[in-house]
Every structure is written in C-alpha cells, then in structure tokens.
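Heads up: the structure comes next, in structure tokens.
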Amino acid sequence: ELGWISKVYVNRPAVVRHAEQIKKWKTLKGNWQAAWLLKAVTCIDLTTLSGDDTPSNVQRLCFKAKHPIREDLLKALDMHDKGITVAAVCVYPARVSGAVGTLKAAGCNIPVASVAAGFPSGQTPLETKLAEIKLAVEYGAREIDIVISRSLVLTGQWEGLYNEIRLCRAACGEAHMKTILATGELGSLANVYKASMIAMMAGSDFIKTSTGKEVENATFPVGIVMMRAIKEYYWQTGYKVGFKPAGGIRTAKEAITWLMLVKEELGVEWLTPELFRLGASSLLGDIERQIFYHVTGSYPLQHELAMA
C-alpha cells in the first residue's frame with residue numbers, strides 16, 4: 001500500500017531532541033536494576049558473526065546461551081528455577097547445524113537464528129539470497145535474519161523492495177524472519193520509516209536496525225522512528241511486529257535504556273522475546289558483571305565469569 005508511505009515526513013530535530021532526553025533518563029538501582037537486566041538477558045540474540053568462527057567457539061556460545069548467568073548468582077536472587085536463557089543463538093549459515101546439534105545435546109529448546117540473503121552487504125543476486133535462506137532453514141535454523149538491498153531504498157524502488165522481501169519470506173517457510181534495514185546506510189530517517197513499513201507489509205516478523213557491520217548501528221533516533229512505524233502498522237492492521245536493535249549495544253545501562261524506550265513507545269506487551277530482541281555479542285558479559293556486583297558488592301575478576 002504505497003499510499004501509506006507516499007507523503008511520509010519525519011521531523012528530524014524533534015526526533016533527535018527526544019533521543020537526547022532518553023540519554024538523560026535516570027538509572028535504575030538495586031533489585032529494580034537486577035530485574036530489568038534479567039529481562040534483557042531473556043531478549044538477547046547471543047551472536048557470533050566472525051570470519052574466524054569455529055565449531056568450538058560456537059559450541060561454547062551455545063552453552064553460554066543455556067547458562068547466561070552463573071547459577072549461584074541466580075540462586076542469590078531466587079531466580080535459579082525460572083529457566084532464564086537467552087532468546088536465540090545467531091550464527092552464519094555454515095555454523096547452524098553445529099549450533100542446533102550442540103543445543104539439542106544440552107537438552108534445551110533455544111532457537112538458532114541464521115543471517116542470510118547476502119549478509120552483511122546484500123550485494124548478491126536474488127537467486128543466491130533465496131538459496132542461502134533455504135539452506136539455512138534446511139540446516140535447522142528457526143529464525144532467519146535477512147538483509148535488504150539498500151540500493152532499492154536509495155533509488156525509491158519500493159515495489160521492488162516489497163517483492164524481494166516477500167520472496168525471502170516465502171523462502172523462510174515456517175522460520176521467523178527478521179528484516180535488517182541497515183539504517184546507517186539508508187540516507188535519511190524518512191527512508192528508515194518507509195523501509196520499515198515496506199518490510200512489515202511484506203510479512204516480516206521483526207524489523208532490525210543494523211547488521212552490526214556498518215559504521216553507524218543502532219541509535220536512539222533510528223529506534224524511535226522504527227518503533228513509531230511499528231505502532232502505526234499495528235494501528236492499521238492489528239498485527240504486532242517485533243523490534244530488534246543490533247550493533248554497538250555493549251553495556252548493561254544501554255540495554256536497560258532500550259528496554260525502557262520500547263516500554264514507552266510500544267508498551268509492556270512488547271517486552272517479551274516474541275516481540276523484542278537485542279542483537280549483541282559482548283553485552284551479556286557486562287550484564288553478568290553488573291549482576292555479580294549487585295549480589296556480592298564487588299566486581300568480578302576476569303576468571304570468575306565464563307566467556308560469552
């Protein structure tokens with residue numbers, strides 16, 4: 001429905017001003033902070049997307065996904081029996097089958113997500129993108145993070161973008177599809193809003209800010225615009241689409257701020273792994289450090305926490 005996006009205008013100064021106010025929000029303390037941090041853990045897509053990924057470090061990541069916080073720390077918070085795990089493990093297609101096998105052997109049902117469709121640049125032929133998605137699903141991925149062709153946005157080919165995402169959606173089959181907009185390369189906040197709308201119209205289960213490989217990744221202005229698009233889409237259709245900021249989110253404080261922003265913009269019902277994810281590789285380490293401090297009153301030494 002091109003009428004939804006034909007006259008979109010984004011008031012950039014107002015968005016930036018709102019984003020600056022978000023940075024000044026008060027920090028939570030004590031048990032409130034610990035509770036929000038544990039909520040953040042359950043929404044993390046624990047990720048490794050490096051050229052030097054090996055079966056062993058993916059295996060280690062999977063065990064960390066099942067045991068994200070040390071058992072004794074959870075017992076101190078009386079949360080050891082709540083089944084706290086991360087939301088998903090995210091890897092390249094070549095590492096999907098190994099991750100699926102490791103998680104199955106560990107006796108947990110954490111889904112494996114795979115990036116696909118020419119990640120991270122999107123500069124591959126459509127046929128190759130679709131074949132990659134289908135292979136990742138065959139290997140056992142239950143979630144697929146596709147990346148759009150930025151050129152279609154920059155040249156205003158909205159129907160072309162819609163058709164490409166629709167084909168990717170069909171290739172995913174039963175798997176959930178998260179559409180990465182790579183917002184740092186879309187040129188304007190208006191384009192971010194339009195691309196968000198097109199991605200949702202084409203059947204995306206989530207829209208995601210970044211690949212984590214761009215110069216600019218998840219920022220609050222971009223998050224605000226994408227969440228406003230999600231809200232508008234929900235008002236128009238009654239269908240809830242998830243939101244995933246990714247790239248550059250490294251500290252516990254940033255994670256809590258994103259959670260609070262989602263609560264303010266979309267409501268408490270979005271604060272579940274079904275509708276909100278944090279794409280991160282190093283975030284979990286800092287969250288566990290903060291929980292260790294909350295429980296013991298001191299920060300851990302390097303050997304006291306398992307590597308994520």
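Cβ from N, Cα, C; glycine included.
Just so you know, TrEMBL annotations are computer predictions that nobody has curated.
Taken straight from TrEMBL:
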- LYS208: active site, schiff-base intermediate with acetaldehyde (ACT_SITE)
- LYS244: active site, proton donor/acceptor (ACT_SITE)
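For the active-site residues LYS208, LYS244, counting C-beta atoms within 10 A of each C-beta gives the highest total at LYS208. Put simply, the residue listed as 'active site, schiff-base intermediate with acetaldehyde' is 5 Å from LYS244 (active site, proton donor/acceptor) when counted between their Cα atoms.
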